[in-house]
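Asker: Sequence annotations record features per position, and here Swiss-Prot assigns ATP binding site to GLY90, GLY92, ARG93, LYS113, ASP125, GLY126, ARG176, ARG183, ASP262 based on a large-scale study or a structure entry. Residues or ranges marked as active site, proton acceptor by Swiss-Prot: ASP252. The Mg(2+) binding site annotation in Swiss-Prot covers ASN253, ASP262 and rests on experimental evidence.
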Amino acid sequence: MKALDELVFDNRFARLGDAFSTHVLPEPIDAPRLVVASESALALLDLAPEQSELPLFAEIFSGHKLWAEAEPRAMVYSGHQFGSYNPRLGDGRGLLLGEVYNDAGEHWDLHLKGAGRTPYSRMGDGRAVLRSSIREFLASEALHALGIPSSRAACVVSSNTPVWREKQEYAAMVLRLAQSHVRFGSLEYLFYTKQPEHLKTLAEHVLTMHYPHCQEQPEPYLAMFREIVERNAELIAKWQAYGFCHGVMNTDNMSILGITFDFGPFAFLDDFDEHFICNHSDHEGRYSFSNQVPIAQWNLSALGQALTPFVSVEALRETIGLFLPLYQAHYLDLMRRRLGLTVAQDQDDKLVSQLLQLMQNSGVDYTLFFRRLGDQPAAQALRALRDDFVDIKVFDDWAQAYQARIAAEENGTEQARKERMHAVNPLYILRNYLAQNAIEAAEKGDYEEVRRLHQVLCTPFTEQPGMEGYAQRPPDWGKHLEISCSS
């Protein structure tokens with residue numbers, strides 16, 4: 001493991017030039033102090049965990065100091081926001097400090113969010129508040145622990161710098177890690193501003209740096225697009241299977257790598273509600289939980305439009321058409337596993353859809369249902385869960401079909417089923433009320449709850465003694481919280 005001054009930089013994106021980003025220095029925040037750090041995220045940079053305890057660590061990730069090799073850049077992009085094209089967005093408060101080349105041969109972007117004003121800040125102050133920084137940190141690391149592809153968060157640094165949102169808050173910075181920060185909107189910007197040479201340069205960069213194996217195909221850009229479609233189908237299947245609602249699926253928030261990216265008013269489901277809207281600005285429900293699948297496909301179509309100089313429209317349409325069947329296959333496989341099933345059968349989609357409708361009608365806690373279903377032998381678990389449902393007879397019919405389905409597999413003991421189910425059904429998820437409790441403590445200067453919650457979320461499938469309070473249904477005030485985009 002390395003010290004902070006031993007990191008190796010190879011700033012590939014910065015070398016593309018000023019058509020793609022603008023050199024900007026971070027604006028430091030006052031009295032920086034570390035709120036929380038992720039040891040596993042820092043390990044991606046080969047950074048020893050004790051480095052986060054040094055004063056230099058907080059100074060670097062609050063904008064006070066920089067490596068000589070860093071080349072901070074604000075990236076330019078556009079995007080479709082709530083379905084309407086916005087011609088010029090860009091990093092309004094975040095900076096790509098540089099790319100670290102680790103000992104495993106990987107490049108990791110260091111993106112400092114809340115780093116101050118840039119040419120793309122529009123009327124904003126370029127700051128992020130402590131509240132949103134903690135939420136992004138916890139969400140990134142929670143999704144990663146669940147096995148859902150995501151950008152990572154290495155740390156949060158707080159300050160005494162006041163900023164105004166609905167009220168006075170304090171500025172913070174979060175260090176985000178990803179192997180690329182190129183978005184769908186990065187390519188859209190160059191396409192719609194009619195910069196064909198720069199569009200080709202960026203497309204080549206994505207192809208050679210992130211999809212090099214596609215270069216061997218007869219149509220490299222089509223092969224790359226197909227893999228992006230495949231990755232997004234798998235990503236959205238995992239969101240839906242684990243009850244994650246992103247909240248702002250604009251094309252500028254979609255990663256070219258098919259990872260969860262740009263956290264805002266996200267939420268995990270408490271009670272199952274397919275129509276759940278986590279963003280209080282989403283008045284029409286465009287980005288509701290159930291709409292995430294069609295919106296992802298719509299966003300892929302928007303990306304495909306930007307690739308029309310390199311791939312035929314017919315081939316792009318055909319590839320986009322693969323999204324839904326790929327999604328359905330991934331989703332059904334995940335839901336089978338959540339139910340403890342190991343063999344695919346034709347009626348599995350009906351078994352799943354009937355269960356979800358029952359949960360919807362009865363307001364059943366989505367996460368705890370699956371965990372409790374695996375806690376005991378099936379017959380006992382179903383009896384214990386029965387009282388959670390309004391229509392007992394319909395639930396009993398479903399339970400009978402489920403037990404028959406388990407019996408048909410004949411592939412092991414109840415203990416083996418329990419172990420299988422506990423390996424894929426988390427006990428701990430990032431419920432909004434848990435995040436809110438941690439934020440309120442942090443805003444008073446107490447960071448212990450953020451750190452404790454982070455540690456719990458790092459091992460979501462394993463029961464942790466003394467942490468029972470993190471595995472409960474939310475109190476009434478904590479249910480169905482809608483979160484503001486204000487950050």
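Cβ atoms here come from the backbone N, Cα and C positions, even for glycine.
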Asker: Taking only the Cα atoms, work out how far ARG93 (ATP binding site) lies from ASN253 (Mg(2+) binding site), in Å, as a whole number.
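Answerer: That separation, Cα to Cα, works out to 14 Å.
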Asker: Have a look around ARG93 (ATP binding site) and count the other CB atoms within 10 A of its CB, chains all included.
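Answerer: I count 23 other Cβ atoms within 10 Å of it.
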Asker: Which ones are near ASN253 (Mg(2+) binding site): of the binding-site residues GLY90, ASP125, ARG176, ASP262, which have a Cα within 10 Å?
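Answerer: Those close enough are ASP262.
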Asker: Give me the long-range Cβ neighbours of GLY90 (ATP binding site): same chain, 6+ apart, Cβ under 8 Å, in sequence order.
Answerer: ALA74, MET75, VAL76, TYR77, THR118, PRO119, TYR120
Asker: Please list, in sequence order, the residues in the chain of ASP252 (active site, proton acceptor) that are at least six apart in sequence and whose C-beta is under 8 Å away from its C-beta.
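Answerer: Non-local contacts for ASP252 (active site, proton acceptor): TYR77, SER78, GLY79, HIS80, GLN81, ASN86, LEU89, ARG183, PHE184, GLY185, ASP262.
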Asker: Rank the binding-site residues ASP125, ASP262 by how many other Cβ atoms lie within 10 Å of each Cβ and give me the one with the fewest.
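Answerer: ASP125, out of the binding-site residues ASP125, ASP262, has the fewest neighbouring Cβ atoms within 10 Å.
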Asker: With ATP as the bound species and GLY90, GLY92, ARG93, LYS113, ASP125, GLY126, ARG176, ARG183, ASP262 as its recorded binding residues, calculate the greatest Cα-Cα distance and give it in Å as a whole number.
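Answerer: Among the residues the record ties to ATP, max Cα distance equals 23 Å.
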Asker: Of ARG176, ASN253, which of the binding-site residues has the most Cβ neighbours inside 10 Å?
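Answerer: Counting every other Cβ within 10 Å of each candidate, the maximum falls on ARG176.
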